[in-house]
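Visitor: Here you go, one structure.
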Amino acid sequence: MPGGRASSSYGLSVTDDKDARIWERIKDHPCFSEQAHHYFARMHVAVAPACNIQCNYCNRKYDCTNESRPGVASVKLTPDQALRKVLAVASKVPELSVIGVAGPGDACYDWRKTAATFEGVAREIPDIKLCISTNGLALPDHVDELADMNVDHVTITINMVD
């Protein structure tokens, strides 16, 4: 709405037209909205262990007690295991609204596992947001497929090669 005001169900608002369009896309996403993480849950599934670079961010640690973020995982999952885990969590956490693939390697480089996971989750929970985190090197090869899967949140990490 030109010159208008957009607001969320939890009281935040924006006034700029461009910001309003962006806000509409991120307001319910717990990774991108300061307030959304109080109302919506997200889950990362570690289905993509292969990577095309070795950076300091995704060091592919397992069971690191002090870290809980994309790139660090307790266990690698197959796409089928990830789907079962997502369905189990969704049955107990109704606020679950976002599923992301962010490693522990690169989600675009390990594409077959990432795509199979997204396809399974989207088939079972069609209204869930799908997200991906990638170093971007293999992203151009999969942009059309990501769009076809309605993956509308892509995080591109900017890291330094060791």
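Glycine is treated like the rest: Cβ placed from N, Cα and C.
From Swiss-Prot, here are the annotated features:
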DOMAIN    37-162  domain 'Radical SAM core'
BINDING   CYS51, CYS55, CYS58  [4Fe-4S] cluster binding site
BINDING   TYR57, GLY105, THR157  S-adenosyl-L-methionine binding site
Visitor: Between the Cα atoms of THR157 (S-adenosyl-L-methionine binding site) and CYS51 ([4Fe-4S] cluster binding site), what distance do you get, rounded to the nearest Å?
Guide: 13
Visitor: So what's the mean pLDDT when you look at the domain 'Radical SAM core' (37-162)?
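Guide: For the domain 'Radical SAM core' (37-162), the model's average pLDDT rounds to 84.
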Visitor: Any idea what the Cα distance is from GLY105 (S-adenosyl-L-methionine binding site) over to CYS51 ([4Fe-4S] cluster binding site), rounded to a whole Å?
Guide: 5
Visitor: Counting every protein chain present, what is the number of Cβ atoms, excluding its own, within 10 Å of the Cβ of CYS55 ([4Fe-4S] cluster binding site)?
Guide: 16
Visitor: Within 10 Å of the Cβ of GLY105 (S-adenosyl-L-methionine binding site), how many other Cβ atoms can be counted across all chains shown?
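Guide: A count of 26.
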Visitor: For CYS51, THR157, listed as binding-site residues, tell me which one has the smallest number of other Cβ atoms within 10 Å.
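Guide: If we count Cβ atoms within 10 Å for the binding-site residues CYS51, THR157, the smallest count is at THR157.
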Visitor: So, three-state DSSP: helix, strand or coil for CYS55 ([4Fe-4S] cluster binding site)?
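Guide: SS state of CYS55 ([4Fe-4S] cluster binding site) = strand.
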